[in-house]
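S.K.: Structure in structure tokens, see below.
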């Protein structure tokens, strides 16, 4: 029975009244229920700053400082990304019979797609325009290869004798060191003969490789035709299998990757044409035989940044050495170096800086890495694949890439990236050739 004038708190018999009033006070202070088995109060700070430390129901990692937890999360994300990238590269290498023609077809489509609107506006259907583009592509590539093979076949024997003459001159100039070089060059024809014999013995395997190359070329050409003809339907296909917001994100990433790849191909093609033109003119002035074929080699080598220019220039200098001697070779070397300086200091910054957002050091590293993983094909594909990945990252970060797409904030259902309505073509449109995944027929 409570004393007179004192409020009755409903104290159970035998329990001190101080404890009876403590629980409501604790609840008013926000400490949560004090009954056994009740859920812990999540409003209290986690970790060591909480009143009870790690015994208040907080997860074990709450003991770590916030910077350490952030670093651990970023490390896990980086490890996951590297693992996925390694598995992807491994799958591409193992399935190269299908993946290499596919990637080559995408590169060819990125280069040739701007021709499609021009042809369709002149009355050709998409099938006819794609077929005509593929025919022109076959004629251009076949002609370049024919010029190259004809040039090198007429100069191969002369290159060996010219190297021997150069070795004799070096022996006279350099003494004992030159004599060692001369011995190595004198043994080159014998090693070449043994190499020819081994190649003749392995003719069947060589035919197998030729069949694989021919099959890959035919597959790439067929894929280019279908990509050119049906590329404008890619956006509809993506929207039909993905939810609206996911589909627009995937389309934006695809358009940015395609725009980055197209920029690389266009910029590299312009630079390759300029390099091949000036080197061909220089070799013609010097009287080097097979100058058009060597120019074709320079053009094709330009698609492998830095490495391709060095190798094609070396072949041109060797042919000049074989035909005109050391003086002609030095003049040819001067022409090649002058053109490479023009490319490195003027053409690359002027053209590629607008099309491929990659630092030259990054380009060198990815070319070497691609060559180490997949040889010449890897070196060829390293830069455009890196540019495509960079375009996708720019979309996901919301900074925009070559095609200008940004992921719009979630302002409502159906909002499309880059401010375009669902089903509307991206800012580039069909005429630009940069964004076939987002176009509509």
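Backbone N, Cα and C atoms are what each Cβ position is placed from, and that goes for glycine too.
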S.K.: Of 203-228, 229-254, 411-436, which span is tagged transmembrane segment by TrEMBL?
M.R.: 203-228
S.K.: Of the ranges 98-116, 155-173, 174-192, which one does TrEMBL list as transmembrane segment?
M.R.: 98-116
S.K.: Which range is it, out of 23-56, 363-396, that shows up in TrEMBL as transmembrane segment?
M.R.: 363-396
S.K.: What stretch of 98-116, 270-291, 303-322, 329-351 shows the most Cβ pairs under 8 Å to the transmembrane segment (363-396)?
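M.R.: Between the candidates 98-116, 270-291, 303-322, 329-351, the best contact partner of the transmembrane segment (363-396) is 303-322.
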